[in-house]
């Protein structure tokens, strides 16, 4: 449980596009009194910290530092964004061997100085690396969280909201499973302010059929690739997603977010990290919710879990 105190310290490991933008989003949110940036590129890390610090007059009081792992000591949350970036045409799972080796050097250092912190993994492939972090850290599963499908779920809400011309915040739904190509859309539980989506579409004379679901799902699944093809990387939306998770933890909100967590017995799925609706609060993941899926969705979720397990089993360096 995050202890209530006058200061809140968040460390961000990795000061690339995602890490630096996450630090910026955290700074704007006002949730932290201290943010520490750590990266192998010392000069860039110092530059990012300087640039952020120069905006201190425009936000709540916050101390932005660059440093090494010792400077992260006593962090409430350690956000891990370090790793090889996803290139054009490269899947998240193809990043695995590069990033496992990076994590084998990062996690022991993080744990050395932060025995009581919550670890929030963002680097891709996030589900696999969350599992790797869980194993390397020795932390309880509640305190090792992956950003999971929080961003994918936001993308799904955006797509539905755009097509139906409604506020995406009024769309209740989840993307579950891998944060990647095998993720699933939970159409069977999707609703618009507690009205089932098929009923809402019928009442409002809107499209909702197999073609609609396929188009929306493909747009969500391929969203990162489309952004990467155009600008080289995704970082704004994931930074906002990470900030949302951090706020839920620090505020002990007990809100439901589809983060990546260790699944132990859900439709026969065990010993793998997957994006699942979870109650997120001061102790991290307080409970994973076993929502009822239809047969097709459950089957796809099992396949998603198998994909991730096979990737772990085939990865080098584990």
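Placed from the backbone N, Cα and C atoms, the Cβ positions cover glycine too.
Per Swiss-Prot, these features apply:
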BINDING   18, 39, 44, 69, 83, 84, 105, 122, 123, 124, 147  NAD(+) binding site
BINDING   86, 92, 124, 125, 126, 127, 152, 153, 154, 155, 234  substrate binding site
ACT_SITE  179  active site, proton acceptor
MOD_RES   225  phosphotyrosine
Neighbourhood of residue 154 (substrate binding site), C-beta criterion under 8 angstroms, separation at least six: 168, 237, 241
Nonlocal residues around residue 234 (substrate binding site), in sequence order (Cβ under 8 Å, 6 or more apart): 18, 224, 227, 228
Whole-number Å value for how far residue 126 (substrate binding site) lies from residue 179 (active site, proton acceptor) (Cα to Cα): 7
Residue 225 (phosphotyrosine) versus residue 123 (NAD(+) binding site) - Cα distance in angstrom: 16
Neighbouring C-beta atoms (10 Å sphere around the C-beta of residue 123 (NAD(+) binding site)): 31
Residue among recorded positions 124, 126, 152, 225 with Cα closest to the Cα of residue 83 (NAD(+) binding site): 124
Span of 18, 39, 44, 69, 83, 84, 105, 122, 123, 124, 147 around NAD(+) - largest C-alpha separation, Å: 25
Candidate nearest residue 152 (substrate binding site) in space, where candidates are the recorded positions 44, 105, 225 and distance is Cα-Cα: 225
Cβ packing number for residue 126 (substrate binding site), 10 Å threshold: 29
